[in-house]
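What TrEMBL annotates here:
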- 5-186: domain 'Formyl transferase N-terminal' (DOMAIN)
- G14, T15, N16: N(1)-(5-phospho-beta-D-ribosyl)glycinamide binding site (BINDING)
- N105: (6R)-10-formyltetrahydrofolate binding site (BINDING)
- H107: active site, proton donor (ACT_SITE)
- D148: site 'Raises pKa of active site His' (SITE)
Amino acid sequence: MSRLRIGVLVSGGGTNLQSIIDAVENGTLASKVVCVISNKASAYGLERARKHNIPAFHVDPKNGHYDEELLALLLEQKVDLVVCAGYLKIMDEKLVNTFKGRIINIHPSLLPKYGGMGYFGIHVHEAVIAAGEKESGATVHYIDTGVDTGEIILQRQLEVLEDDTPESLQQRILAEIEHKILVEAIKQIEGSN
């Protein structure tokens, strides 16, 4: 089992990041989170990282050199695996190609359904409810140069309840599926390296 150097990209609260940190600390994962990077200075995920003494960085997407700075930071931190955990920015082709086969994402639907441009966060769950779907779930996949089109690593589903709202569905998928399968996917990648 390989001890990977993980760089986590976040845009918000970082609950999926927390599940990774917890799994490292309790020994479920052999790897180490070596940095957390956000495109938003106010992302609580940066604070979660700091609370666990993990280097946390904000790279401003408005500075004109965002993609170059992000890539340089990941290389400087000697990251083996990039994990997008609630990261709401499309990846630059150069970054994707540099980390080909070493960059993963968690998406809150059963891809290929409800993936691609515009399908992120609550928008995914609104679309699932509006379509009358009977099940939904989450997917961990490799990132390629498309949007949510990379090879699927793991998927898990749950039933959409009659009284589900987009918000309740989002919370159930996050708590019951996302936090678990993201860690499972990283563990699977550790085992293959």
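Positions of Cβ are set from backbone N, Cα and C atoms, glycine also.
TrEMBL entries are annotated by machine, without manual review.
Known features from TrEMBL, placed on the structure.
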residue	record	contacts (Cβ under 8 Å, 6+ apart)
G14	N(1)-(5-phospho-beta-D-ribosyl)glycinamide binding site	V36, A43, Y44, G45, L46, E47, R48, A49, A85, G86
T15	N(1)-(5-phospho-beta-D-ribosyl)glycinamide binding site	G86, L174, H179
N16	N(1)-(5-phospho-beta-D-ribosyl)glycinamide binding site	V10, A85, G86, I106, L174, E178, H179, L182
N105	(6R)-10-formyltetrahydrofolate binding site	V83, C84, Y87, V140, H141, Y142, I143, D148, G150
H107	active site, proton donor	G115, Y119, V124, A138, T139, V140, H141, D148
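Its Cβ placed at the centre, D148 (site 'Raises pKa of active site His') has 22 other Cβ atoms within 10 Å. The N(1)-(5-phospho-beta-D-ribosyl)glycinamide site is defined by G14, T15, N16, and by the 8 Å test on Cβ atoms against their centroid, the other residues of the chain that qualify are V10, G12, G13, L17, Q18, S19, G45, R48, A85, G86, H179. Classification of N105 ((6R)-10-formyltetrahydrofolate binding site) by DSSP places it within a strand. In three-state terms derived from DSSP, N16 (N(1)-(5-phospho-beta-D-ribosyl)glycinamide binding site) belongs to a helical segment.
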